[in-house]
Amino acid sequence: MAAAGVAGCGLSYAVVSIMGPQSSGKSTLLNQLFGTNFREMDAFRGRSQTTKGIWIARCVGVEPCTVVLDLEGTDGRERGEDDTAFEKQSALFALAISDIVLINMWCHDIGREQAANKPLLKTVFQVMMRLFCPRKTTLLFVIRDKTRTPLEHLEPVLREDIQKIWNSVAKPEAHKDTPISEFFNVQVTALPSFEEKEEQFREQVQQLRQRFANSIAPGGLAGDRRGVVPASGFLFSSQQIWKVIRENKDLDLPAHKVMVATVRCDEIANEKFSCLTSDAEWMDLESAVQSGPVPGFGKKLGYIVDVHMQEYDKEAIYFDEAVRTEKRQLLKSRVLNLVQPAFQKMLVHLRTRALEKYKTDLNLTLESGKGFAASVRDTTKSSLNEFDQGCADSVIKQADWDYSKILEKVRRDIEDHTLSIREGKLSELTNHAKEKLRKVLTEPVESLFDAAGHTTWASIRNLFKRETEAILPEFRKNLAGFEMESASSEGMVSNLRDYARSIVENKAKEEAGKVLMHMKERFTTVFSHDKDSIPRVWTGKEDVRAIAKDARSAALKLLSVMAAIRWDEKPDRIENILTSTLLDGSVTSKGASASSSDPLASTTWEDVSPKYTLITPSQCKSLWKQFKTETEFTITQAVSTQQAHRRGNGRLPPPWAMVAIAVLGFNEIMVLLRNPIYLFLLFVGYLLVKALAVQLDINREFQNGVVPGIISVTAKLVPTLQNILNKVATEQQQGHHQEAATEAPHPQQQPQPPQQQLPPLLLSPRSPMSELRRLHMPFSPVPLSPVRKAAPPSPSSSPSSTVSSPRNVGEDQKPRAIVEPENESNNAYSIV
């Protein structure tokens with residue numbers, strides 16, 4: 001096939017075969033008709049079998065490509081009467097693969113019962129209908145050695161014999177009334193004797209050859225053929241057909257019918273299964289279901305399966321019913337096993353989609369304000385109904401697949417998600433309520449502890465009761481939407497109430513840890529401010545001892561409030577014990593203290609549970625001792641401030657000294673009054689001395705002692721005086737320049753830069769010697785920054801400002817920052 005170039009012809013080829021009695025001139029006819037070189041019989045050597053088996057060749061000069069099969073003759077003495085299997089096999093093979101079959105017969109055999117291959121044709125027709133799909137084949141009967149009888153008389157007799165053979169063949173139910181023309185195109189032609197009329201024989205053969213040109217075209221000899229195998233598959237198809245025919249040696253035995261049906265039904269089933277696996281619709285559907293749910297999956301899959309099963313039924317209808325049914329069930333099982341993974345994948349997608357729908361619908365329902373339990377019921381029912389509908393649409397009618405297990409999995413998925421959402425919602429609801437309790441309790445409780453007093457815990461209890469009664473009913477109402485059991489609901493409410501109590505208790509413990517700081521702040525507030533919250537001015541008239549006792553009493557009251565948690569209204573003796581032991585005990589004598597027992601030598605309070613104890617009695621005693629130590633300095637400073645104030649008010653001379661000065665200095669006073677120039681000079685001298693005092697910071701220099709002060713002032717006196725005079729001269733020169741510029745302005749002339757001047761060098765009491773030396777160096781145009789000096793304490797400042805709080809005690813003992821009194825120095829300069 002490859003060497004002859006047939007394999008590449010596609011569908012444009014024809015197959016012609018010839019059959020007939022032995023030594024009837026079949027090979028000669030083919031050689032003359034198609035230009036082949038089949039072996040011919042040599043008449044001079046006798047009449048014997050020439051062609052053995054089946055020979056195949058390609059025609060020469062005939063289009064389309066034509067393949068010719070030369071079959072072994074029938075009714076030969078070499079095989080005998082009993083060995084007719086090969087004759088039947090070769091005839092069946094020729095009818096199975098050929099488009100045109102030449103039946104070579106003698107003219108004198110027309111009308112005979114056992115001649116003209118009638119038994120062979122009957123057997124071939126019967127097996128052809130049972131074993132293969134019937135195809136449209138042209139049967140061209142070639143009458144050899146035509147006599148004087150016209151062809152018009154010979155053809156009807158021949159057609160009548162062929163029709164009788166066709167009617168006697170057992171056919172399937174669907175083809176009982178089918179005429180022979182449905183499967184065979186019968187034509188008849190005649191040729192003269194090759195030996196007697198060779199030239200006439202050759203002429204008529206050439207005319208017959210013209211009928212094979214374009215034989216597969218419409219109207220040609222094989223124009224209505226069906227079931228053509230492509231040329232590339234012709235070899236394989238022929239091999240398989242011959243293999244099947246060879247395996248059925250005795251076609252007449254009934255057992256072979258079952259065997260052929262079994263083999264052929266298996267082949268058909270395998271072929272249809274292979275067609276299904278390579279079916280484009282099935283491959284597209286399988287690919288689509290891998291990525292997501294496919295609408296109408298069951299209908300599409302059922303249609304694909306049904307098409308291939310119907311094709312099997314159509315091709316296997318000619319075979320034994322029992323075998324056909326058995327093989328059909330096996331094919332169905334294989335097909336269902338092939339497509340079931342796609343169905344399972346579809347169920348997985350439906351399961352995922354049902355769960356996603358449940359999640360989405362549940363969120364939307366909850367956002368609309370509907371109760372949680374009611375939302376879960378409605379969305380669960382909707383999602384399960386949709387899943388059940390999707391599964392029903394995915395099932396095919398050819399299978400009885402059960403999807404109850406996957407339905408149970410969907411139910412568990414929904415239940416698990418519901419439980420997760422329920423826990424999350426309850427947690428969110430609880431956290432929201434806790435956050436509200438924390439906001440409404442933390443800051444108010446802290447504020448109440450800051451202002452601790454007799455009613456602190458009563459106020460805390462009232463606050464706790466008010467806020468919990470406002471929040472807990474709302475929380476219980478929200479829990480009603482979950483349709484929980486009463487015990488679970490009340491348990492959550494109780495836990496939330498306990499959380500509110502823990503907020504107060506934790507805040508109390510936190511503030512108790514800072515009780516010493518709160519006591520010092522309370523002491524400072526009471527000690528440094530009067531009843532109107534105005535800072536005290538220690539003038540010497542205040543009773544420091546009484547004020548200190550009141551301040552310590554207020555701090556002790558705060559300590560008693562912070563000592564224990566009081567959830568009930570039962571009174572306790574904590575404040576009385578602390579007052580009698582710490583405050584009053586500090587006033588009593590040592591003998592009295594020693595003779596009485598110490599009620600603070602304990603770790604618990606009377607009538608107070610240990611779990612509600614924040615500060616034990618022994619800790620209170622230790623804290624009070626530390627508190628007194630740290631506030632002692634504040635009291636001492638207040639006393640010192642009073643004494644300093646008394647000394648400051650006693651500096652004026654006594655009245656008799658003032659009268660003596662006025663009498664003895666009367667003449668000098670009159671001289672100054674009569675001569676104003678002396679008064680002016682005295683005033684100028686005062687200003688100069690004042691300016692020097694400000695620049696030299698006399699008060700600060702003498703803080704370290706008289707002798708160091710005199711030495712420092714003497715060293716800085718001359719430079720400071722020179723600095724003041726330079727300042728006065730510079731300001732005077734600037735004034736003259738400004739007056740000249742005002743009287744004679746020159747707009748077109750560029751203004752001259754001002755004369756560089758030396759700003760005054762102000763020396764602080766701590767200026768190094770390098771600055772003193774720099775005064776005697778040549779003039780430098782670089783401006784020098786004035787040195788800031790310490791601001792003297794204001795006489796109007798309150799002595800109590802230094803005792804404002806314990807936190808300022810350390811700051812009062814530090815040296816004050818050096819700050820320049822700019823306004824004062826500038827005033828001094830301007831006056832000079």
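Glycine too: its Cβ is placed from the backbone N, Cα and C atoms.
Annotations in TrEMBL come from automatic prediction, not curation.
According to TrEMBL, the protein carries these features:
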type	residues	note
TOPO_DOM	1-652	topological domain 'Cytoplasmic'
DOMAIN	10-225	domain 'GB1/RHD3-type G'
BINDING	Gly20, Pro21, Gln22, Ser23, Ser24, Gly25, Lys26, Ser27	GTP binding site
TOPO_DOM	698-832	topological domain 'Cytoplasmic'
REGION	730-832	region 'Disordered'
COMPBIAS	748-757	compositional bias 'Pro residues'
COMPBIAS	797-806	compositional bias 'Low complexity'
COMPBIAS	809-819	compositional bias 'Basic and acidic residues'
Segment-level pLDDT (mean, integer) for the topological domain 'Cytoplasmic' (1-652): 82
Environment of Gly20, Pro21, Gln22, Ser23, Ser24, Gly25, Lys26, Ser27, the listed GTP site - residues of the same chain whose CB lies within 8 A of the CB centroid: Gly73, Asn104
CB within-chain contacts under 8 A for Lys26 (GTP binding site), separation at least 6: Ile18, Met19, Gly20, Thr51, Asp70, Leu71, Gly73, Leu102, Asn104
Other C-beta atoms that fall within 10 angstroms of the C-beta of Gly20 (GTP binding site): 25
Cβ-Cβ neighbours of Pro21 (GTP binding site) (radius 10 Å): 20
Surrounding CB atoms that lie within 10 Å of the CB of Gln22 (GTP binding site), all protein chains: 20
Which of Ser23, Ser24, Ser27, all binding-site residues, has a Cβ with the fewest other Cβ atoms inside 10 Å: Ser23
Cβ neighbour count within 10 Å of Gly25 (GTP binding site): 25
